[in-house]
Amino acid sequence: MSALEWFAHKPLGSGIFWIQERFYESGNRANIWLVRGSQRDLVIDAGLGLRSLPDYLRAAGLLAPPDGAGPRPLLAVATHVHFDHSGGLQHFEEVAVHSAEAAALLRGDNYEAVTWLSDREVTRPPRPGWRARHFCVPPVRPSRLLQEGDVISLGDRQLTVMHMPGHSRGSICLHDREHKILFSGDVVYDGSMIDWLPYSNVSDYVVSCQRLMELVDRGLVEKVLPGHFNMFGAERLYRLASNYISKAGICHKVSTCAMRSIASIALHLTNSRGTSS
């Protein structure tokens, strides 16, 4: 299967494209965002990596500027290293991730990447004989380590890194202040927020949600482009964040701890910590 078959995209205007993996039919299917700038293009999250995303972008003509001068530099940023977001980083020359998860990416740690994929989720295998049990996130050396407050410049567009741990220890959002757009990764999406994985932390998540609410209160976000499911606006962002905070009491922390223990055992059985096998 070619990259052109595996991926599909939808233009959203203002140089932003929404890309998905067509034959990965799962709640874990991550949204991939392409943001085009005057000097650099940016991919936010990279999917599973079963087919080359850069090949798709080139074949679909998404990297060629209007003047036909040739492709601009391309940077791939992972909002966190979970497998559905980081598997495709292997196909990029320039890769950025938050420093808290850089070591996991470098060693191909499929425990921290929470790699969990089944044959039934991949409705059309990328090649004959492919099996989900052979899938892993390979080691990738990041070319840039991100920190809170870093700015990724695309020339005519600036994206500010917000370190928002909770879902994972290195989770980030990218904030386009000028256009009031938040690329939220898995920090928040229109669904149940997951805080029971290895390296999740409820207390950190509460603080991150408070920051999300502050963005809305200050009028700094109008549109959220999340890591999963559909886009939504500021009012929904505020409600999702406030709802999480309201439920994050002692009972929730206890139940989350139990779920994390179960998830950790399951992930240890399917993935060797610190390896990509």
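Numbers run from 1 along the shown chain.
In case you wondered, yes, glycine gets a Cβ from its N, Cα and C as well.
Its Cβ placed at the centre, His167 (Zn(2+) 1 binding site) has 27 other Cβ atoms within 10 Å. Look at Swiss-Prot and you will find His80, His82, His167, Asp186 tagged as Zn(2+) 1 binding site.
Cβ-based neighbour count (10 Å, all protein chains) for His228 (Zn(2+) 2 binding site) stands at 20. Marked as Zn(2+) 2 binding site by Swiss-Prot on the basis of similarity to another entry: Asp84, His85, Asp186, His228.
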Taking the centroid of the Cβ atoms of His80, His82, His167, Asp186 as the Zn(2+) 1 site, which other residues of that chain lie with their Cβ within 8 Å of it, listed in sequence order? Thr79, Val81, His85, Ser168, Ser171, Gly185, Val187, Ile194, Leu197, Gly227
Any same-chain residues 6+ apart from Asp84 (Zn(2+) 2 binding site) with CB under 8 Å of its CB? Would you list them in sequence order, or say none? Asn28, Arg29, Ala30, Gly47, Leu48
Taking the Cβ of His80 (Zn(2+) 1 binding site) as the centre, how many other Cβ atoms fall within a 10 Å radius? 30
Note down the number of other Cβ atoms within 10 Å of the Cβ of His82 (Zn(2+) 1 binding site), including every protein chain shown. 30
